[in-house]
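Engineer: Pasting a structure here, questions to come.
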């Protein structure tokens, strides 16, 4: 399976095997083996192998390549000696640990010298004490890091992290001498540069296990790799060696300067394909990678060569490496030149026939009109941007310079749009992704998007949407804190209620919003006091013993938007727009006898629809209902037969209004109240009182006729007086309010409000409701 995939590698199509380098490696490894079994004469010197001494058969090399790719390189072929036999130190076998190491010679990393490093269990070498904590998304970031294979390793399951510093050639410690000699040889072959290796830091991560899972992986599925840092008299070099990569889980590999910008990530870093680092390399040896840690950037290849593997643009059969293109030179072909004719020297950058117009300097890298020199070219417009690009709509034009200093006119799409900037910039629909909070609605607009918390929630819509069951009332006007206190509220605009317009409403602490005279005694029943208005919780509330009642008429956009959306969705009135809302809040109120109070809210919502018709709705929100004691709840019209009493009214069951609803949101009851008759459900085809089921066809027709004749003094309530499953439809004229009294059984208390969009789950059990006629 892995061999088949190699044909599709986008970055590492081929890797050139280097016979000279392999031969040199074989000689060094053979000498190590010989030195283990042969007495070594004191003072014996080693010399590096010269290219003319190399002899290796191509056939054997091809066979070696096949064996390497199929079975992975043998350990003696790649890894430095490590472990207890090499007298290594070891990092503690724990999670997210590191070991501070004081270096004999400073390590140079992006132009800065470091005398201390941290060997990290998570597959990295850091420069700060906090580097031991694992964080994904390493490249780029603010963490200075050398990362052979950065991942969350769990040493508690097994595996070891070894490290040692090699400081000088010691004939009595042949392995250390061989390590420095091998590093010196590798640097010479990689960069055509002779250096003196003063010391080396060899770190081995053996048989690394992932944090996920409870059992350890088999040995063949673990990760084993090595990093050798060679400190020379001419800079620092890093040698990454991958023996086995059995799991990845987002592993990253590379170098990070720590400025959130400059970095180099190895090919396939951060992807599942990073496992193929063990089968490719930039050295000509599978699984081995060599890098020079330059002052400005990491250098992969020698002068005049480029590519992630320093050979990627040419096939293995050609025997050639990827050389610099015209106008490029230096290590990794990262330098630029601007020659008048031909190309520059790939090693020095010199132009044999001089510089192109507008360019000057030894390597023709300085543009005339942008230098501080007296030489300039005022008459040559081509020294500036040579073309002005016509950008697409929703794009901006700007002058940029490429890495070689050439001025370019570029187009870039504005934020919120995608495209090339020249032909088209298409709007990005951010709402296709989960950019908003799960309890928010995303609205896409050209170049932008908005997140708004759903009804019943408040917050920024992106990171926070907390359940805000009640509307804000902290700044509303309080009623006098006494028993049976009241205020006469003057409305800013008349409100249509029960067929007529009213500009005043009396609000009482006893739970009434009345349009008519108030009862003489709190003990009277709603049906007996001939009150017109809304009674969310009619009871002997005494605010002198605790709690408070507030009132306000509001027109702020947040409130209007929330109530408008609720009416539009539940009553299928897409053109409705709220204009004002009267909010009456009862906060932690009691009757003076109980300790825990009730909290609920009533809203009178006034607005118009698309036909400019006045519409009014009453919304009652029950948050906490700790006591009932004969309390009643309902909406009383001018004609008592058209009034409506809520389920459980007058019984202990009234406390369950927090768990039930007629619109599918526990604790919320919403009714239209601008007509003389009150419909118990938002839609005619819904079954009261909870309006979650559909009415039979005959009932719908009768409900429709009843609604159209609601101006009469009598009201037919056939939907309230027949067997809901099998009985015939019978119309009965009532002289009193429609009262729905379900048979209540004990219920299990549930959380009041969770998600405005979640299906309502009622944990109360009912027998089929029967309807009583109050006499």
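Heads up, the Cβ atoms here are built off N, Cα and C, so glycines get one too.
Keep in mind that TrEMBL annotations are predicted by a computer and have not been checked by a curator.
For reference, TrEMBL lists these features for the protein:
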type	residues	note
SIGNAL	1-19	signal peptide
DOMAIN	148-296	domain 'NIDO'
DOMAIN	427-466	domain 'EGF-like'
DOMAIN	536-676	domain 'NIDO'
REGION	694-727	region 'Disordered'
COMPBIAS	704-724	compositional bias 'Polar residues'
Engineer: Given pairs 6 or more apart, does the domain 'EGF-like' (427-466) have at least three Cβ pairs under 8 Å with the domain 'NIDO' (536-676)?
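Structural biologist: Since 3 or more Cβ pairs under 8 Å link them, the domain 'EGF-like' (427-466) and the domain 'NIDO' (536-676) do come into contact.
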Engineer: Count the residues of the domain 'NIDO' (148-296) that DSSP assigns to helix (H, G, I), to strand (E, B) and to coil, and report the three numbers in that order.
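Structural biologist: Summed over the domain 'NIDO' (148-296), the classes give 31 helix, 62 strand, 56 coil.
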Engineer: Of the residues in the domain 'EGF-like' (427-466), how many are helix, strand and coil by DSSP?
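Structural biologist: The counts are 3 helix, 16 strand, 21 coil.
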Engineer: Express the predicted model's confidence over the domain 'NIDO' (536-676) as a mean pLDDT, rounded to an integer.
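Structural biologist: Residues in the domain 'NIDO' (536-676) carry a mean pLDDT of 94 in this prediction.
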Engineer: Using DSSP, what is the helix/strand/coil residue split across the domain 'NIDO' (536-676)?
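Structural biologist: Across the domain 'NIDO' (536-676), the residues distribute as 27 helix, 58 strand, 56 coil.
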